[in-house]
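Colleague: Below is the structure I would like to discuss, written out as structure tokens.
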Amino acid sequence: MDIEAYYQRIGYKNPRNKLDLESLTDIFQHQIRTVPYENLSIHCGESMELDLEAIFDQIVRRNRGGWCLQVNYLLYWALTTTGFETTMLGGFVYGSNNDKYSTGMIHLIVQVTINGRNYIVDAGFGRSYQMWQPVELISGKDQPQVPSIFRLREEGETWYLDQIRRQQHVPDQEFLNSELLEKKIYQKLYCFTLQPRTIEEFESANTYLQESPSSVFLDKSICSLQTPEGVHCLVGLTLTSRTYNYKENTDLVEFKVLTEEEVEGVLKTIFNISLGKKLVSKNGHLSFTI
């Protein structure tokens, strides 16, 4: 695997020898704006691989995206290879439907240490929950970013990542009550500890997420990509485009329902990916917000 091929894939052309916060943020933002958060392989009859070589082939060589275990594992490899001090962490995702964190460790997170300060770097949460900058590991501090305010809080040995969101304006009245819209301003995202993890510890989660009937990734075909202004999301046949802070403390969220025939073109033009197999778009009954 070639680190230069990774940098070419994300369009990063700046120096590689500066291991500071500015460079970390730059690399991170290049990845989230070029590598979609997506699970489309499942809905093309393929599996979601956790082997690094397979992930590199999928994302770098075939210009695809992946879900958190894949995109963050690739980011972990790239940052480590570049020379950053990294630690792989495991997260437990909050479910608003039952007001609980997952019992299984289903989210991979990257911690980066720079000059004695620790930062959480997560390129794999997608949608409007996606951080755009590393979040410093400080408890109780509001950390404003373009998408929202992020806040970490420490309780015992567990860290919790929360989000304070803006109001949202939906011009099309038909979608005002869409189940895809996040209704909460204050939203819990996930929790984690600082115990170092290995990729082998995520193998059962990788299997569960693509095989369990209770997995939202089996229930829905999802593709999400950050832009300089906001984020595009495709869930089933529903395409949304969010513009952050289009007016004071308000995001603009625009909806469009596609036909099956339009999906391939939208994936190519908006998300810059092409699928090798036929996609069966799906938006089942499980709760999922953009």
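Positions of Cβ are set from backbone N, Cα and C atoms, glycine also.
This is the feature table in Swiss-Prot:
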- CYS68: active site, acyl-thioester intermediate (ACT_SITE)
- THR103, GLY104, TYR208, SER214, SER287: CoA binding site (BINDING)
- ILE106, HIS107: substrate binding site (BINDING)
- HIS107: active site (ACT_SITE)
- ASP122: active site (ACT_SITE)
Colleague: For HIS107 (substrate binding site), which DSSP three-state class applies?
Modeller: strand
Colleague: Cα of GLY104 (CoA binding site) to Cα of ASP122 (active site): how many Å, rounded?
Modeller: 18
Colleague: Would you kindly give the Cα-Cα distance separating HIS107 (substrate binding site) and SER287 (CoA binding site), rounded to the nearest Å?
Modeller: 18
Colleague: Do you know which of the recorded positions CYS68, HIS107, ASP122, SER287 has the most other C-beta atoms within 10 angstroms of its C-beta?
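Modeller: Checking each of CYS68, HIS107, ASP122, SER287, the winner is ASP122.
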Colleague: Quick one: Cα separation, ASP122 (active site) versus TYR208 (CoA binding site), in Å?
Modeller: 21
Colleague: Measuring Cα to Cα, how many angstrom lie between ILE106 (substrate binding site) and TYR208 (CoA binding site)?
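Modeller: One finds 9 Å between the Cα atoms of these residues.
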Colleague: Looking at Cβ-Cβ distances, which residues of the chain lie under 8 angstroms from SER214 (CoA binding site) while being 6 or more apart from it?
Modeller: LEU286
Colleague: Any idea what the Cα distance is from the residue listed as 'active site, acyl-thioester intermediate' over to HIS107 (substrate binding site), rounded to a whole Å?
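Modeller: Cα-Cα, rounded: 6 Å.
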Colleague: In whole Å, could you give the widest CA to CA gap in the CoA site formed by THR103, GLY104, TYR208, SER214, SER287?
Modeller: 18
Colleague: Across all the protein chains here, work out how many other Cβ atoms are within 10 Å of the Cβ of ILE106 (substrate binding site).
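Modeller: ILE106 (substrate binding site): 22 neighbouring Cβ atoms within 10 Å.
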